[in-house]
Amino acid sequence: MGIKQLFTIIKENAPAAIKTGEIKNQFGRKVAIDASMSIYSFLIAVRSNGEMLTNEDGQTTSHLMGMFYRTLRMVDNGIKPLYVFDGAPPKLKSGELARRYQRKQEALEGLEEARETGTAEDVEKFSRRTVRVTREHNEECRQLLKLMGIPYIIAPTEAEAQCAVLARAGKVFAAASEDMDTLCFDSPILLRHLTFSEARKEPIQEIHVDKVLEGLDMDRKQFVDLCILLGCDYLDPIPKVGPSTALKLIREHGSLETIVEKMKKGELKYTVPEDWPFEDARDLFFNPAVHPADHPDCNFKWEKPDVEGLVKYLVTEKGFSEDRVRPGALRLEKALGTSQQQRLEGFFKPVARTAEEQKAHKRKLEVKAEEAKKKLKAEKKEKAKAKARPRGTA
């Protein structure tokens, strides 16, 4: 699920934290990728007539096709991917997982009804909601990655937390995930849309956590408290507390301890749920179960791909076309066998700003944030006008 509305808050209040660009801009970088999130996106995106792709034996192949070709695209663009798989979920996440299961059961019922009486759009909508990453999907993707020569790690718990550890240690440039809670785990840089298909033409989003904190004028603890208020995988949001209110509450009161205390005293008009262990949720963001960066499992390297092994697995066992798999495997072999040119930024160290420069920079960020808010407001106003305009009028 990630953090509800966090990207919108960052876009409006800390726009300088977000950079967008083409995938080729990530050339020469090592990136730790949230594998489960990627596999889920492959299962949803790689489809035909609203259904996941299958081979002649009825086995699902969407995840393998996505993993092979999207990884190949990254390697073609000079990126060295490392996939990180989820381990056992924290106990506090069990409520969210139960809700996801319930939603999928409801979606299955909706899908059956849509197939009988609904439109193609209804079938597609409910079909996507039934998607679940299974243990078999994970195991098959790990087998594929091994044959491709691409390293992977199985995290003790949350993959995003493990990605953040590797990014902080400098073992990778960034963590890549669609889940915004990666920032809560203190990954210096989050890349989004990295594993999207080229056809979607979505730019890569590069979000810098230091600039997020600077733009929001918060320390990390306040930022995590904001994310918990917005609603995360560990806790539901407090009823009637939306993104604007959550931001206002943190800015005015500074911490969840103060906010919750005032709510319980009736000084704030919101009601805290009876079981709302925000301290435990915060602790999971600050002290997740992860392998330290110097752990043996974190010593990874990219190997030469097993071309014949890939052909046997994808073509013979999974029914892929050899005319597509073999050239792809050979491209992978060539790309991974080429020593990559180092990025220029690796030769230079950043120079610290003076107090005056910091002050001027902060003011510049405030002006940019204000301009972004005005632009967003104008866009919303224009959309509302267009929606209200009668059809057939210019």
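Using N, Cα and C of the backbone, Cβ positions are placed for all residues, glycine too.
According to Swiss-Prot, the feature region 'N-domain' maps to 1-104.
Taken from Swiss-Prot, the feature Mg(2+) 1 binding site covers ASP34, ASP86, GLU158, GLU160, and the record attributes it to sequence analysis. Packing around ASP34 (Mg(2+) 1 binding site) is summarised by its Cβ count: 28 other Cβ atoms lie within 10 angstroms of its Cβ, all protein chains included.
Long-range C-beta contacts of ARG70 (DNA binding site), restricted to its own chain and to partners at least six residues apart, with a cutoff below 8 Å, comprise SER38, PHE42, THR195, PHE196, SER197. Marked as DNA binding site by Swiss-Prot on the basis of sequence analysis: ARG47, ARG70, GLU158, GLY231, ASP233.
In the predicted structure, the region 'I-domain' (122-253) carries a mean pLDDT of 91. The region 'I-domain' feature in Swiss-Prot is assigned to 122-253.
Around ASP181 (Mg(2+) 2 binding site), the same-chain residues at least 6 positions away in sequence with a Cβ under 8 Å from its Cβ are GLY2, ILE3, GLU160, CYS227, CYS232, ASP233, PHE285. Per Swiss-Prot, the feature Mg(2+) 2 binding site maps to ASP179, ASP181, ASP233; the stated evidence is sequence analysis.
The feature region 'Interaction with PCNA' is assigned by Swiss-Prot to 340-348.
Residues or ranges marked as region 'Disordered' by Swiss-Prot: 358-394.
Here Swiss-Prot flags 374-394 as compositional bias 'Basic residues'.
A gap of 21 Å separates the Cα atoms of GLY231 (DNA binding site) and ASP86 (Mg(2+) 1 binding site). For ASP86 (Mg(2+) 1 binding site), the same-chain residues lying six or more positions away in sequence with a CB closer than 8 A to its CB are ALA35, SER36, ALA155, THR157, GLU158, ALA159. Put simply, ASP179 (Mg(2+) 2 binding site) is 9 Å from ASP34 (Mg(2+) 1 binding site) when counted between their Cα atoms. In the three-state DSSP assignment, the secondary structure recorded for ASP34 (Mg(2+) 1 binding site) is strand. Cβ neighbour density within 10 Å is lowest for ASP233 among the binding-site residues GLU160, ASP233.
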